[in-house]
Amino acid sequence: MWNDLRPIGRDPESNGYRRFAWTGADADCRTWFQEQAETRGLTYETDRNGNQWAWLGDPTAGDAVVTGSHLDSVPDGGAFDGPLGVVSSFAALDELRARGAEFTKPLAITNFGDEEGARFGLACVGSRLTAGKLTREAAYELRDADGVSLPEAMEAAGYDPSAIGADPERLARVGAFVELHVEQGRALDLSGDPVGIASAIWPHGRWRFDFRGEANHAGTTRLVDRRDPMLSYAETVLAARREAELAGAVATFGKIAVEPNGVNAIPSLVRGWLDSRAADQDTLDTVVTAIEKAAHDYADRHGIDLDVVRESFTPVVEFQHALRDELGAVLRERTGRDIPVLGTGAGHDAGILSESVPTAMLFVRNPTGVSHSPAEHAAEDDCLAGVRALADVLEGLACR
Ligand code: GLV
Ligand code: MN
Ligand code: MN
């Protein structure tokens with residue numbers, strides 16, 4: 001499975017993955033998923049929001065145990081963020097069949113669409129739509145950098161967007177959702193464990209800062225006559241770092257658009273996107289408010305107009321304790337050791353679904369902690385330990 005996926009959407013220069021929603025690379029990943037389902041005799045379907053499902057047992061029976069993740073990537077992403085969870089789900093099913101497990105509940109494997117939000121700016125679009133956290137109307141307004149709307153992109157990829165929206169009837173048939181994911185930090189490396197269990201996801205959001213000044217000639221415009229939005233933007237980036245450090249939070253400007261984007265032109269517009277996250281809501285609010293205030297102060301000083309728009313927000317997720325404890329107990333019994341329980345600053349479909357269904361996550365050790373980069377890695381032995389852990393957990397949930 002890993003070999004099949006390896007070339008899909010990989011950029012030969014960066015070695016990073018560019019698997020953006022509803023593009024050719026995404027279509028190839030989706031075809032791969034469907035083939036994996038059909039090869040195993042599973043019932044394949046795409047839901048109204050374009051998420052893929054592969055069912056063992058009756059999809060309508062209810063109390064289904066569902067596992068999976070996503071196959072899309074950030075720009076120049078690594079191989080593991082998302083695909084490790086989907087590949088491990090199929091591998092865990094193979095392992096359970098080899099064990100002769102008898103399923104008493106339906107089991108499904110999923111690929112949630114557009115988890116990273118790399119193309120339309122909003123993360124977890126597939127799971128948000130399904131959980132009713134993104135309305136059909138708002139989804140219809142999403143556009144990529146070329147102005148292509150989400151429904152246009154879905155249509156171009158051969159999907160009918162007209163029925164997108166909340167799917168409570170589907171979620172009501174799910175008894176538990178478990179997502180396995182590569183760890184995006186070094187907690188497991190430091191504790192010496194191949195696998196961990198998630199406790200919580202930090203609240204996080206994305207804010208767009210539009211600094212507008214005046215385009216002018218880079219050679220002939222006196223410094224005192226300039227209204228250069230790049231200066232206010234640069235000062236805001238430094239303020240974000242400072243405020244995050246003070247509060248023990250994180251804040252990142254990782255994406256920027258400049259107009260007219262000429263070497264010899266003072267910009268008329270600098271648009272920067274802030275991603276900020278913290279362990280609790282109050283801290284996050286404090287950090288973002290302080291960054292906004294600093295940005296307005298700098299903008300005023302340079303004669304720059306500033307608009308700040310919150311493009312998305314995900315509140316703190318505390319995974320259900322009962323399911324988390326159940327996973328811990330199953331894994332302790334199978335491995336003879338206590339499994340570490342970790343919080344994370346990364347967003348996941350599991351977090352989006354957690355208000356609608358009992359949800360849990362497993363993490364697999366990442367020796368450097370690097371993620372959202374081609375350097376993202378997990379050792380094969382650890383991936384196999386992850387598969388065994390997921391199989392143990394699924395057996396505990398679906399075979400009793
Ligand atoms: C997704 O990986 C996110 O945390 O942004
Ligand atoms: Mn990610
Ligand atoms: Mn992910």
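Backbone N, Cα and C define each Cβ position, glycine as well.
Taking a C-beta cut-off of under 8 angstroms and a sequence separation of 6 or more, H181 (Zn(2+) 1 binding site) has the following same-chain neighbours: S69, D81, G82, L84, G85, A346, H348, M361, L362, F363, V364. According to TrEMBL, the feature Zn(2+) 1 binding site maps to H70, D81, H181.
The Zn(2+) 2 binding site annotation in TrEMBL covers D81, E116, H372. All protein chains included, H372 (Zn(2+) 2 binding site) registers 19 other Cβ atoms within 10 Å of its own Cβ.
Other Cβ atoms within 10 Å of the Cβ of N264 (allantoate binding site), summed over all protein chains shown, number 8. Per TrEMBL, the feature allantoate binding site maps to R206, N264, R277.
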Legend entry - Close in space, distant in sequence - R277 (allantoate binding site), Cβ under 8 Å, 6 or more apart: W202, P203, H204, G205, A249, V250, L284, G345
Legend entry - Residue from H70, R206, N264 whose C-alpha is spatially nearest that of H372 (Zn(2+) 2 binding site), among the binding-site residues: H70
Inset, instruction - Work through the binding-site residues one by one (H70, R206) and point out the residue whose CB has the fewest other CB atoms within 10 angstroms. - result: R206
Legend entry - Count of other CB atoms lying within 10 Å of the CB belonging to E116 (Zn(2+) 2 binding site): 22
Inset, instruction - Could you list, ordered by sequence, which of these binding-site residues: H70, D81, E116, R206, N264, have a Cβ under 6 Å from ligand 2? - result: D81, E116
Legend entry - Distance-selected binding-site residues near ligand 3 (C-beta under 6 Å), from R206, R277, H372: none
Inset, instruction - Taking only the Cα atoms, work out how far R206 (allantoate binding site) lies from H70 (Zn(2+) 1 binding site), in Å, as a whole number. - result: 20
